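See structure below.
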Amino acid sequence: MAIIFLAPPAQYYCPDNSSTCCDNPVYDRSVFTKTIVTEWNLICENSWLKDFTQTIFQFGVLVGSLFFGIASDRYGRKPTLIISVNIEIFAGIISSFLPDYWSFTFARMLVGFSNGGIMIITFVIIMEYVGNVKRDVVSALFHIPFTTGHMMLAGVGYLLRDYTYFQLCISASNVILLMYICLLPETPRWLLAMNKTVQAIDLMERVAKINKLPTEHIRHEIEMYQLKHIKKNTKPKATIFDLFRSPKLRTNIMVLSFAWLVCSYCFYGGTYYISHLTGDVFINVVATGSVCLCACIICIPLIKFSKRKTVVVTANALCGFCIIAVAIVPEGNVSVVFGCIGELLCYTIFVVLYLYSTEMFPTVVRNAAIGICSMMARVGAMIAPFPAGLRPYGIWCAPIAFGIFPIMAALLCLLLPETKDCELLMTIEEAEGLGNYQNRGSRADLNIAESEV
């Protein structure tokens, strides 16, 4: 969303009044004193470069989601997260001082690359630490800082009207994330999945002592779990290709990837629609952030008491009908209400899909799976502006182009298994058996890893 303040629409005129395009335009700087548009004259034949910057940023997120997802499954959650944070800080700060458009755009791509890793790794870390009882609530709470930051951008943009200071401020604020180096341990689940049993036991005993819980039974129960479930040195390490080897996992990853793509596609399309409600860019950002915040709050009781599959299917169907309704009802307050409801449902789906995907795939390939899903979400974000621009061909074109896909996603999600009340999966074999009665909530031999530590 930072691109809204980096490259807002620019008003200008040519001094000679002979044309609408010239080499030395005079810009209206009453709202923003300096943007990338005014800095590098991204107007007329160069106007496409403004949107290209955001496309490249989204491409960076796409690649980063997949790259860091795979890397964190193989090398650990903590080291890959720290690397991605450092890249984001460095690239973000450097981009504030770069003298030309192409170097700035490349730096923004690196910011997107690191951002893709940060988003999925932090969520997986939280989910692997939180017990089954609190996982659904925490997964919804996880998104509230994102929506709060979304709204805070309006305040930062209002105070800092120069894009260099704006970019520097939002990038330098990430320095606080370097505390992860000292404060964040590796997740016990990843250590166990990688057969690093001693390190996992030491970590869990240390956490248990901090929480004033008994530690004497941890070592015995974890060793028993490892002996029962993990056949050491008999199988190669799981890779991203394991997601496509069995019919069940292949179906799950393909359906969820499509659901993520549709959710992002409709969300960014809806954001484009809401942006036309008022000319005040600061109000626009606060409005869309408020809708997302409401969705997070609604999700807390929704996913606490409802099944994941039911929420995803129902919300997708309702989202599709609300967006299509925008094309049917007369333009005005009613169409705006339907558009806002569709936006709220999109973000609700997004929150639930994060949790649903985490529970669907085992620890050994969890980040890789979410990386693939997040990558497909970026594809949806990249193609969203094109159908959003169909309005000149008919006011019904864009709503129909957006509305039919959530309905398709709802039908496809009927193929997915339910994951509510399931323990987080550890192995490929457990993931292949997801949905069977014996997989649900009965893995007491690993409860120590969640509820007691």
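For all residues, glycine too, the Cβ spot is worked out from N, Cα and C.
TrEMBL entries are annotated by machine, without manual review.
Taken from TrEMBL, the feature domain 'Major facilitator superfamily (MFS) profile' applies to 1-421.
For 55-72 (among others), the entry in TrEMBL reads transmembrane segment.
Sequence annotations record features per position, and here TrEMBL assigns transmembrane segment to 79-98 (among others).
Annotation comment: TrEMBL describes 110-130 (among others) as transmembrane segment.
Marked as transmembrane segment by TrEMBL: 137-159 (among others).
Residues or ranges marked as transmembrane segment in TrEMBL: 165-184 (among others). Beyond the ends of the transmembrane segment (165-184), by six or more residues, the same chain brings 2, 5-6, 78, 81-82, 85-86, 88-89, 91-93, 95-96, 111, 118, 125, 153, 156-157 to within a C-beta distance below 8 angstroms of the stretch.
Annotation comment: TrEMBL describes 253-275 (among others) as transmembrane segment.
Per TrEMBL, transmembrane segment is recorded for 281-303 (among others).
Per TrEMBL, the feature transmembrane segment maps to 310-330 (among others).
What TrEMBL records for 336-356 (among others) is transmembrane segment.
Look at TrEMBL and you will find 368-387 (among others) tagged as transmembrane segment.
According to TrEMBL, the transmembrane segment annotation covers 393-416 (among others). Long-range neighbours of the transmembrane segment (393-416) within the same chain, counting only residues 6 or more positions beyond its ends whose Cβ lies under 8 Å from a Cβ of the stretch, are 251-252, 255-256, 258-259, 262-263, 265-266, 269-270, 273, 309, 312-314, 316-317, 319-328, 331, 349, 356, 360, 387.
When pLDDT is averaged over the domain 'Major facilitator superfamily (MFS) profile' (1-421), the result is 87. Panel annotation: around the transmembrane segment (310-330), residues 259, 262, 266, 270, 273, 302-303, 338-339, 341-342, 345-346, 348-349, 352-353, 356, 395-400, 402-407, 409-410, 413-414, 416 of the same chain, lying at least six beyond its termini, place a Cβ under 8 Å from a Cβ of the stretch. Under 8 Å from some Cβ of the transmembrane segment (336-356) lie the Cβ atoms of residues 123, 127, 135-136, 139-140, 142-143, 256, 259-260, 263-264, 266-267, 270-271, 273-274, 277, 288, 291-292, 294-296, 298-299, 302-303, 308-309, 311-312, 315-316, 318-319, 322-323, 325-326, 329, 370, 373, 406, 416, 419, all in the same chain and six or more residues away from its ends.
The stretches the transmembrane segment (368-387) and the transmembrane segment (137-159) are not in mutual contact, being linked by fewer than three Cβ pairs under 8 Å (pairs 6 or more apart in sequence).
Residues 243-244, 284, 287-288, 291, 312, 316, 319, 323, 326, 339-340, 342-343, 346-347, 349-350, 353, 356-357, 360-361, 369, 372-374, 376-381, 383-385, 387-388, 398, 402, 405-406, 408-409, 412-413, 415-416 of the same chain lie 6+ residues outside the transmembrane segment (253-275) yet bring a C-beta within less than 8 angstroms of a C-beta in it. Each of 55-72, 137-159, 281-303 was scored by its Cβ pairs under 8 Å to the transmembrane segment (110-130), and the highest score goes to 55-72.
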